[in-house]
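Participant: I have a structure here, written as structure tokens, and I will follow up with some questions on it.
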Amino acid sequence: MVKKLEYIDALRGLAMIGVLLNHFRPYGEFNPNPTTLETIAVNNGQGCIQLLYMISAFTLFVSYNIRRESERNYIRNFFIRRFFRIAPLYYFACIYYLIQHNLTLADTEAISNQSIVANFLLLHGFNPYWIHAIVPVGWSVGIEVQFYFILPILVRRIKNLNRAVIFLFCAILLNTILNIILAKTQLLVGDLPRETFAQFWLPNQLPAFASGIVLYFLITTPKPEWNVNPLIFAIAALAIFIDLASEKKLLYSEFTIYSLSLIAIVYLIAQRNYKIVINSATQMIGKINYGIYLFHYPVLGLMLKFDIVKKIESFFYYSSALGYIFSFSLFLVLNIIFSYALHHIIEIPFQKLGSRIIKKLQKNKAIPAVLHPDVLTT
């Protein structure tokens, strides 16, 4: 296995590059085969979010289980750490986007005072009208916070690989049932289609989190101790058969298929140091991925405002591919510079503040030095 979980930051970095590629796609002129490239780009972006959720569940299970053995009041400490990891930079993003739209005291259909309060309480993911109201990518933060609420229960109940696999298939089934119910309700009205909220809400993302839990037990459990009831696979195979026969993909949506596929991919990467994946560049991007995720739209807006993308692609008029590569590379570099600054100005100081608060509340036992330090900050 790769030492110190180095692949975690690297995979975060690769996932973030995939997200940037997806969001940069409409602004580049390199498109020799529009249908194929657009399909790959969109699907790549969706799969990258699933990868980030999977990694999140994996690292949270690792750090939570270790701290449960080394700390008193570990549940309280967990929520303190998560708040100071997620909230400060998200609040900064909320303030920026509100000022940008001159809606700090708004009461419009898109941004209401209620949605502003919900975003600052990190509860915007529960409401279909609030989930995208302020921060363009804020929906995923809201879903992540919802997963935090159920994590202590999951850690208590899921003790082995068999239970993790059962939970994964229960998550898939729950997602199917709730999406069917949502499709038949009148909960969502106006211009917001049910499909939009159904795509982003927690039930649709839960299989990705569950896949991360399965990955945790695959990596931390010795192979001779892998023990999964064969009946589970028989039921899963039957469900796949029925799903394919129905041609509706009720159980195995695209998001679910991404999640299941990523289990094998990440497990393989965890066993060997593939330099093309695990290197200083991908790890560095992975460490600052949160800032990149929240603020890559302003960076893109700045480039578009000064027509930088068009100027670069005009310079490489003889090769649209080169123009696209150079313009995206600049987009990536600008995001890295800005997010690196945010990481050191906002993220690290507030994470340290959270740690100081915990130390004041209690004297912690020594934490075993078996984890990469960055895992313990997630």
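Just so it is clear, glycine is given a Cβ too, placed from its N, Cα and C backbone atoms.
Summarising the annotation, TrEMBL assigns domain 'Acyltransferase 3' to 6-342. The transmembrane segment annotation in TrEMBL covers 44-62, 83-99, 129-151, 163-182, 202-219, 226-245, 251-270, 290-309, 315-342.
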Participant: How about the transmembrane segment (251-270) with the transmembrane segment (129-151) - do they touch, taking at least 3 C-beta pairs under 8 Å (6 or more apart in sequence) as contact?
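Facilitator: The answer is no, given that the two segments have fewer than 3 Cβ pairs within the 8 Å cut-off.
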Participant: Are there 3 or more C-beta pairs under 8 Å linking the transmembrane segment (83-99) with the transmembrane segment (290-309), counting only pairs at least 6 apart in sequence?
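Facilitator: Per Cβ check, the transmembrane segment (290-309) touches the transmembrane segment (83-99).
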Participant: Please compute the mean pLDDT of the model over the domain 'Acyltransferase 3' (6-342).
Facilitator: 86
Participant: The transmembrane segment (163-182): which same-chain residues, six or more beyond its ends, come within Cβ distance under 8 Å?
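Facilitator: Sequence-distant neighbours of the transmembrane segment (163-182): 154, 157, 194, 197-198, 203-204, 206-207, 209-211, 213-214, 216-217, 228, 232, 235-236, 239, 250-253, 256.
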Participant: Using Cβ atoms and a strict cutoff of less than 8 Å, what residues sit near the transmembrane segment (315-342) while being 6 or more residues removed from its termini?
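Facilitator: Apart from its flanks, the transmembrane segment (315-342) reaches 17, 20-21, 24, 28-32, 89, 92, 284-285, 288-292, 295-296, 299-300, 302-303, 308-309.
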Participant: The transmembrane segment (226-245) and the transmembrane segment (44-62): do they have three or more Cβ pairs under 8 Å, with pairs 6 or more apart in sequence?
Facilitator: no
